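Listed in TrEMBL:
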- Gly14, Leu15, Glu16, Gly17, Ala18, Gly19, Lys20, Ser21: ATP binding site (BINDING)
- 12-201: domain 'Thymidylate kinase-like' (DOMAIN)
Amino acid sequence: MTAATSPRFVTLEGLEGAGKSTAMAFVRDWFEARGETVLCTREPGGTPLAEELRAVLKAVREEPVAASTELLLMFAARAQHVERVIRPALAAGKVVVCDRFTDSTRAYQGAGRGLSMATIDQLAEVAHAGCDPGLTLWLDVPVALGLERAASREAADRFEQETLDFFERVRDGFEALSEREPARFRRVDATRALDEVRAQIETELEAAHGG
Ligand SMILES: Nc1ncnc2c1ncn2[C@@H]1O[C@H](COP(=O)(O)OP(=O)(O)OP(=O)(O)O)[C@@H](O)[C@H]1O
Ligand SMILES: [Mg+2]
């Protein structure tokens, strides 16, 4: 794990429906109230090319997608996003808040699909050396609650069609990350009411950045 993290680069992680997109507004509000310019973005995606790769990754298709193909497409999208959007924004003094990043790859393609964490860390080095989040908020919910929240939206994509076992492994993957990097990777109890989720996120931001 590279030590080159930026405290001005914050990521949101968690299962589908956990509340990542909802929480992004809480993080943005907190920084904006302190006079910061905030760039909110998401993965896979965040540039026109990377959004095309997102559509490729999410499409339900007859051809089985090899786990290694999925992994490389994720990192291809990420490399483009980091070079074109995230690095320039950080260099311009903005705060960057990203909905999913490499921890999702560790949880989904690593813990979920069984790909090697060492390989993922090597690809992270290729795609975004020296550009790692300084704070990651893990919106944690039981699998069933996340899927229930996500189900109220459009038709299930290729990931949302996965088995409950798969999502349990993904959640275990996030748990392992919180044990491996407890200072950066912070668990937020996302089963609670939204005002309580906001309060916990603000506490984490204050601890990381000073009130
Ligand atoms: N703490 C909460 N309590 C009640 N409802 C919530 C909570 N957090 C999120 N929701 C609701 O659950 C749904 C999913 O939330 P959201 O879109 O933020 O999740 P997400 O993690 O971004 O999902 P996805 O991975 O599919 O993008 C939304 O309708 C949102 O309003
Ligand atoms: Mg979302």
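Just so you know, the numbers here start at 1 and follow the chain as drawn.
From the backbone N, Cα and C atoms, a Cβ is placed for every residue, glycine too.
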Cβ-based neighbourhood (8 Å from the centroid) of the ATP site, residues Gly14, Leu15, Glu16, Gly17, Ala18, Gly19, Lys20, Ser21 excluded: Leu139, Val141, Gly146, Arg149, Ala150, Ala190
Is any of Leu15, Glu16, Gly19, Lys20, Ser21 (binding-site residues) within Cβ reach of ligand 2, i.e. under 6 A, and which? Lys20, Ser21
Measuring Cβ to any atom of ligand 1 with a strict under-6 Å cutoff, which of the binding-site residues Leu15, Gly17, Lys20, Ser21 qualify? Gly17, Lys20, Ser21
A correct count of other C-beta atoms within 10 Å of the C-beta of Lys20 (ATP binding site) gives 22
For Gly14 (ATP binding site), the number of other Cβ atoms found within 10 Å of its own Cβ: 26
